[in-house]
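Chemist: Structure below; questions to follow.
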Amino acid sequence: MSRHMRAPRFDPRAGFHAEGKDRGPSVPQGLLKAARSSGQLNLAGRNLGEVPQCVWRINVDIPEEANQNLSFSSTERWWDQTDLTKLIISSNKLQSLSDDLRLLPALTVLDIHDNQLTSLPSAIRELDNLQKLNVSHNKLKILPEEITSLKNLRTLHLQHNELTCIPEGFEHLSCLEDLDLSSNRLATVPADFALLSSLLRLNLSSNQLKNLPAEISRMKRLKHLDCDANLLETVPPDVGSMESLELLYLRRNKLRVLPEFPSCRQLKELHLAENQIEKLGAEHLQHLQAILVLDLRGNKLRSVPEEMALLQSLERLDLSNNDISSLPCSLGNLHLKFLALEGNPLRTIRREIIAKGTQEVLKYLRSKIKDDRTNQNDSVPETAMTLPSEARVNIHAIATLKLLDYSDKQATLIPDDLFDATKTTLITSINFSKNQLCEIPQRIVELKEMVLDINLSFNKLSFISHELCLLQKLTFLDLRNNFLSSLPEEMSSLTKLQTINLSFNRFKVFPEVLYRISTLEAVLISNNQVGSVDPQKMKLMENLNTLDLQNNDLLQIPPELGNCVQLRTLLLDGNPFRVPRAAILMKGTAAVLEYLRDRIPA
């Protein structure tokens with residue numbers, strides 16, 4: 001907003017202030033001049049112990065250059081300037097803010113996160129135009145009541161402070177859409193929060209909440225509710241009536257039972273990991289028709305209801321670390337991209353099937369549905385034929401599972417007789433794991449028109465031959481626990497590959513060719529020596545939802561990685577970088593990505 005300087009704010013002695021007293025830390029005049037033109041001033045990361053007076057008075061005092069140059073052109077007239085609307089003074093050492101803050105009434109954005117503030121000035125009430133206020137990562141113990149006077153405020157970030165309570169009158173922030181109170185010391189949430197009728201996103205994670213007010217259900221526009229890492233033992237049944245809710249986070253609490261969700265027909269993600277839930281019934285699932293992500297890991301579930309198969313939109317299901325002994329075969333009819341089952345006492349699915357990943361488990365479950373539909377009392381008994389090489393191949397397994405299995409033989413070569421035995425049979429899966437293979441069998445190319453997944457883990461492969469790159473229908477490739485340090489460029493022809501496991505190899509850089517395989521959904525490259533990743537290229541991998549970089553040599557995580565919003569699971573533990581801190585990593589992928597985005601240079 002360009003305007004002439006208003007008379008009441010003009011100080012005729014302004015040009016002499018600097019000579020009369022110490023003005024404190026200085027700001028380059030070039031920055032101030034640019035700010036008068038653009039209306040924006042960024043002083044982040046300048047080691048400031050206080051805000052220079054010239055910042056507060058940027059639209060009041062006569063600029064220094066006005067005293068030095070009296071022949072202004074029409075584009076340099078100091079009195080025809082822009083009010084400061086955006087002020088960023090984050091990542092400094094500020095312990096307090098002056099009441100002179102009131103001299104910037106046009107501010108719409110004030111970012112003072114990552115300082116040492118213990119309080120906010122009462123003059124903040126005079127910032128009538130303020131729309132976004134970021135005071136996160138400070139040392140605030142209380143909030144001034146004056147903050148509730150900011151009627152135009154839309155975004156308020158207060159995470160990572162020391163707040164124990166919320167001032168009365170918060171409900172007056174009628175325009176507020178995004179409120180982050182995570183990582184404080186709150187024990188209660190005022191019932192009046194329900195009057196925040198415009199709120200779309202509410203983050204209460206990492207506090208000390210033992211319950212939520214039932215009135216929270218009156219937030220009819222709320223889409224994102226995060227209550228992770230609290231002390232919740234129950235959730236008000238009224239939460240199930242929140243019609244606009246899309247994301248609900250309740251991880252790391254003390255929940256034993258779940259509410260029903262009769263009106264949550266927009267709910268896309270339900271995160272319930274690390275609770276004490278013992279039962280999941282049809283009543284909990286029947287209304288979740290839009291659900292994409294269901295995270296139940298680390299609970300005490302003993303069974304999975306058949307009704308889970310009704311969730312036809314479900315893409316990611318995490319049931320790991322429960323007490324589940326069997327799965328309903330109907331799960332095989334789901335269109336899952338990710339299914340986690342580790343840490344369960346499953347008796348009906350072999351470990352090697354689970355190790356091969358989601359699609360193999362679903363395929364196995366579907367095969368069991370067929371078995372159930374046809375009486376197996378007179379089925380063909382499992383038979384085997386002996387090859388001249390003394391290898392044994394299960395003909396029944398090849399015919400029914402379409403699996404060519406020559407695993408755990410400690411073999412250095414795959415016998416030709418094994419390939420000969422499959423000439424008249426459709427093979428979609430190959431398992432040559434746990435051998436001593438130094439190269440990929442050349443005859444694997446004979447199956448290029450049919451094979452979808454290959455397991456070559458636990459061998460001695462030091463390179464990938466071109467034969468593998470010809471299997472263009474491949475969707476799953478397991479190469480973990482080999483001696484690989486690079487991948488050939490020809491692998492870019494694997495245009496249907498969805499999952500690749502490269503863990504426990506010798507990679508020092510993230511394989512460049514993987515950036516060009518746009519179909520990849522999961523890249524597992526933990527326990528290598530990877531020193532860097534390219535966030536710009538990673539962002540172009542639009543289908544990538546799982547990236548495991550644990551236990552590598554990453555000295556820093558580029559902030560731009562936070563722009564890879566397609567990631568649902570990002571694992572970074574066990575690397576030598578210092579930031580993000582372990583506390584951030586523990587909060588999960590969404591928190592890590594947000595942390596990184598906040599540190600992208602303006």
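These residue numbers are counts, starting from 1, taken along the chain as shown.
Heads up, the Cβ atoms here are built off N, Cα and C, so glycines get one too.
Model, not experiment: these values are computed from the prediction.
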Chemist: Looking at the ranges 1-26, 131-156, which is given as region 'Disordered' in Swiss-Prot?
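Modeler: Per Swiss-Prot, the stretch marked region 'Disordered' is 1-26.
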Chemist: Need a quick answer: max count of Cβ pairs under 8 Å to the repeat 'LRR 16' (449-470), which of 35-58, 81-103, 174-195, 336-356 is it?
Modeler: 336-356
Chemist: Same chain, outside the repeat 'LRR 3' (104-126) by at least 6, Cβ under 8 Å from its Cβ: which residues?
Modeler: 1, 39, 44, 56, 58-59, 83-98, 132-144, 146-147, 149-150, 157, 598
Chemist: Short question: which residues 6 or more past the ends of the repeat 'LRR 11' (288-310) have a Cβ under 8 Å from it?
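Modeler: Answer is 251, 261, 264-282, 316-328, 330-331, 333-334, 340, 343, 568.
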Chemist: Which bits of the chain, at least 6 residues beyond where the repeat 'LRR 6' (174-195) starts or stops, bring a Cβ under 8 A of a Cβ in it?
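Modeler: Answer is 131, 136, 151-166, 168, 201-213, 215-219, 226.
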